[in-house]
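Asks: Dropping the structure in here first, questions after.
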Amino acid sequence: MALHVPKAPGFAQMLKDGAKHFSGLEEAVYRNIQACKELAQTTRTAYGPNGMNKMVINRLEKLFVTNDAATILRELEVQHPAAKMIVMASHMQEQEVGDGTNFVLVFAGALLELAEELLRIGLSVSEVISGYEIACKKAHEILPELVCCSAKNLRDVDEVSSLLRTSIMSKQYGSETFLAKLIAQACVSIFPDSGNFNVDNIRVCKILGSGIYSSSVLHGMVFKKETEGDVTSVKDAKIAVYSCPFDGMITETKGTVLIKTAEELMNFSKGEENLMDAQVKAIAGTGANVIVTGGKVADIALHYANKYNIMLVRLNSKWDLRRLCKTVGATALPKLTPPVQEEMGHCDSVYLSEVGDTQVVVFKHEKEDGAISTIVLRGSTDNLMDDIERAVDDGVNTFKVLTRDKRLVPGGGATEIELAKQITSYGETCPGLEQYAIKKFAEAFEAIPRALAENSGVKANEVISKLYSVHQEGNKNVGLDIEAEVPAVKDMLEASILDTYLGKYWAIKLATNAAVTVLRVDQIIMAKPAGGPKPPSGKKDWDDDQND
């Protein structure tokens, strides 16, 4: 008989075998802070225009080469529970603003690093949390005073492109002016009078070959497909969209046909042909000259489409079908019935084109008032185009933020240094032990210009002391000059290096909330992970759509 070994008394006695339990400052708080610091240190070197790229290979063995913090974190699949909180804060920033995810990580990491110093010299966790919350509230009071300008006209391409440059610069340094112009053209062309801008209305089509400066904007949609039939170009297109295969009706039951004479054999397929002819003729009779289908195209149906001079395009993706319906104003029909006028879409031209060596079908609106705009990106490698696409997403999201709030604050560390200066002064006036936490909160803002300086290869301490001396003289808009070879500063407003007010507001709020949440944890209780076989890797799931 096996000997029963009693469990050690205490918390472990209540839990199943294999459960872990950590408590207290040393085991829980400092461990959590260490994990968050490591995470912030990872993405800190990727901050700003001179940030380094990370090469991430995810569990599906897909390669990512990027300095976009949101992508890095999404593919890393962080497991540590405290670090996950910081990751969730950065995801919230991405959902709310679409940019500034790395700011949240770097700032939250700095807050926790400085909180550890305070805890080690004897402050209690509650005093640190209280000080951080007071300082965060003060930062939000000061932030509106730091607004240096506002966007005047969001329908002016030149003005919009100058405002988008900063967000694109951090991802594609050197190409930001060209990309900002492309994104501005795409956004302005579909910006509705109501002011409700939808980021999903800007599509990206990536075509391998050439270089980034061969990219272009098109009002309408571009698909990497070839037309099915002989017709390759249609002007003033009337489009019928079908979500079903372009084929004759097939009965669900299997049948056996008994043929007695040669004449019956001759007439057997003729009836099917006549039926298909009548169906395609009826569709052509409504005025439709382009058919888009979401399924297979039968050879006989293709023959009659060519006979009635109808252009035929096949889209496997149901998402592409939906977007096309939105672009041309069509309704997707579930059966091969002739569409009524209200169900047909309209487009100025549909044509087959060749970009590089890739065949594309273009649905184009001549007037700049279409529902969807497409940016056609060119690049030498897939990884490069993926990274450019992420820069485009940031630019489009920045435009969306500007439609909500047109205020802008100076970039390049200028806003952070001014906040640090003013919050430090405020901390001096506060009684009680919270003042130490308030001053450390102000010091945490230095992490942003410090990261920019270190990534640019200049001495961070020299730059920060220069910034403080200039800001003490009242120059609120002066930030780090990342293009200078020596530590230098310049006016961010004159250089058009501007950040959105909303982006900064939410980043400070979310980073502080995440840091405070991590500090509030004094016990970690982890159950034993569930066993069981792992799902097979590399194989598709049984219910995934199979593309024909």
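Backbone N, Cα and C define each Cβ position, glycine as well.
Pulled the feature table from Swiss-Prot, pasting it below:
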- A2: N-acetylalanine (MOD_RES)
- S23: phosphoserine (MOD_RES)
- Y30: phosphotyrosine (MOD_RES)
- Y47, G48, G100, T101, N102, F103, M169, S170, K171, G412, D499: ADP binding site (BINDING)
- D99: Mg(2+) binding site (BINDING)
- G100, T101, N102, S170, K171, G412, D499, K504: ATP binding site (BINDING)
- S162: phosphoserine (MOD_RES)
- K224: SUMO2 cross-link (CROSSLNK)
- K254: SUMO2 cross-link (CROSSLNK)
- K260: SUMO2 cross-link (CROSSLNK)
- S269: phosphoserine (MOD_RES)
- S317: phosphoserine (MOD_RES)
- K318: N6-acetyllysine (MOD_RES)
- K400: N6-acetyllysine (MOD_RES)
- K459: SUMO1 cross-link (CROSSLNK)
- K466: N6-acetyllysine (MOD_RES)
- Y505: phosphotyrosine (MOD_RES)
- 529-548: region 'Disordered' (REGION)
- K534: SUMO2 cross-link (CROSSLNK)
- S537: phosphoserine (MOD_RES)
- K539: SUMO2 cross-link (CROSSLNK)
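Walk me through the surroundings of each of these features.
Replies: Taking a C-beta cut-off of under 8 Å and a sequence gap of six or more, Y30 (phosphotyrosine) has these contacts in its own chain: E116, L119.
In three-state terms derived from DSSP, M169 (ADP binding site) belongs to a helical segment. The Cβ of M169 (ADP binding site) has P49, E176, I497 as same-chain neighbours under 8 Å, each 6 or more residues away in sequence.
According to DSSP, D99 (Mg(2+) binding site) sits in a coil region rather than a helix or strand. Taking a C-beta cut-off of under 8 Å and a sequence gap of six or more, D99 (Mg(2+) binding site) has these contacts in its own chain: S167, D394, N397, T398, V401, T500, G503.
Within 10 Å of the C-beta of K171 (ADP binding site) we count 24 further C-beta atoms, all protein chains included.
Around S162 (phosphoserine), the same-chain residues at least 6 positions away in sequence with a Cβ under 8 Å from its Cβ are A180, S496. According to DSSP, S162 (phosphoserine) sits within a helical segment.
A sphere of 10 angstroms centred on the C-beta of K224 (SUMO2 cross-link) encloses 12 other C-beta atoms.
K254 (SUMO2 cross-link) is surrounded by 5 other CB atoms, counting those within 10 A of its CB over all protein chains shown. DSSP assigns K254 (SUMO2 cross-link) to coil in the three-state reduction, placing it in neither a helix nor a strand.
When secondary structure is read from DSSP and collapsed to three states, K260 (SUMO2 cross-link) falls in the coil class. For K260 (SUMO2 cross-link), other Cβ atoms within 10 Å of its Cβ number 7.
A sphere of 10 angstroms centred on the C-beta of S269 (phosphoserine) encloses 10 other C-beta atoms. For the recorded site, S269 (phosphoserine), the DSSP three-state label reads helix.
Note on S317 (phosphoserine): other Cβ atoms within 10 Å of its Cβ, all shown chains, come to 13. In the three-state DSSP assignment, the secondary structure recorded for S317 (phosphoserine) is coil.
The local packing around K318 (N6-acetyllysine), expressed as other Cβ atoms within 10 Å of its Cβ over all shown chains, amounts to 12.
The DSSP secondary structure for K400 (N6-acetyllysine) is helix.
The local packing around K459 (SUMO1 cross-link), expressed as other Cβ atoms within 10 Å of its Cβ over all shown chains, amounts to 12.
The DSSP secondary structure for K466 (N6-acetyllysine) is helix. Of all the Cβ atoms in the protein chains shown, 17 others lie within 10 Å of the Cβ of K466 (N6-acetyllysine).
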Asks: Which three-state DSSP class does G412 (ATP binding site) fall into?
Replies: coil
Asks: Taking only same-chain residues 6+ apart in sequence, whose CB is under 8 Å from that of Y505 (phosphotyrosine), what do you get?
Replies: H140, L143
Asks: Which ones in the same chain are close to K504 (ATP binding site), with CB under 8 Å and 6+ residues apart in sequence?
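Replies: Once residues fewer than 6 apart are set aside, K504 (ATP binding site) is near G100, F103, L143, V409, T415.
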Asks: Find, among the binding-site residues listed as G100, G412, the one whose Cβ has the highest number of other Cβ atoms within 10 Å in the structure shown.
Replies: G100
Asks: Compare the Cα of K459 (SUMO1 cross-link) against each of the recorded positions T101, N102, K254 and report the nearest.
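Replies: Nearest candidate: N102.
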Asks: Around S170 (ATP binding site), how many other CB atoms lie within 10 A of its CB?
Replies: 25
Asks: Can you tell me whether DSSP puts K224 (SUMO2 cross-link) in helix, strand or coil?
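Replies: Note: K224 (SUMO2 cross-link) is coil by DSSP, not helix or strand.
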Asks: Please name which of the recorded positions listed here, K260, S317, K400, is nearest in space to N102 (ADP binding site), Cα against Cα.
Replies: K400
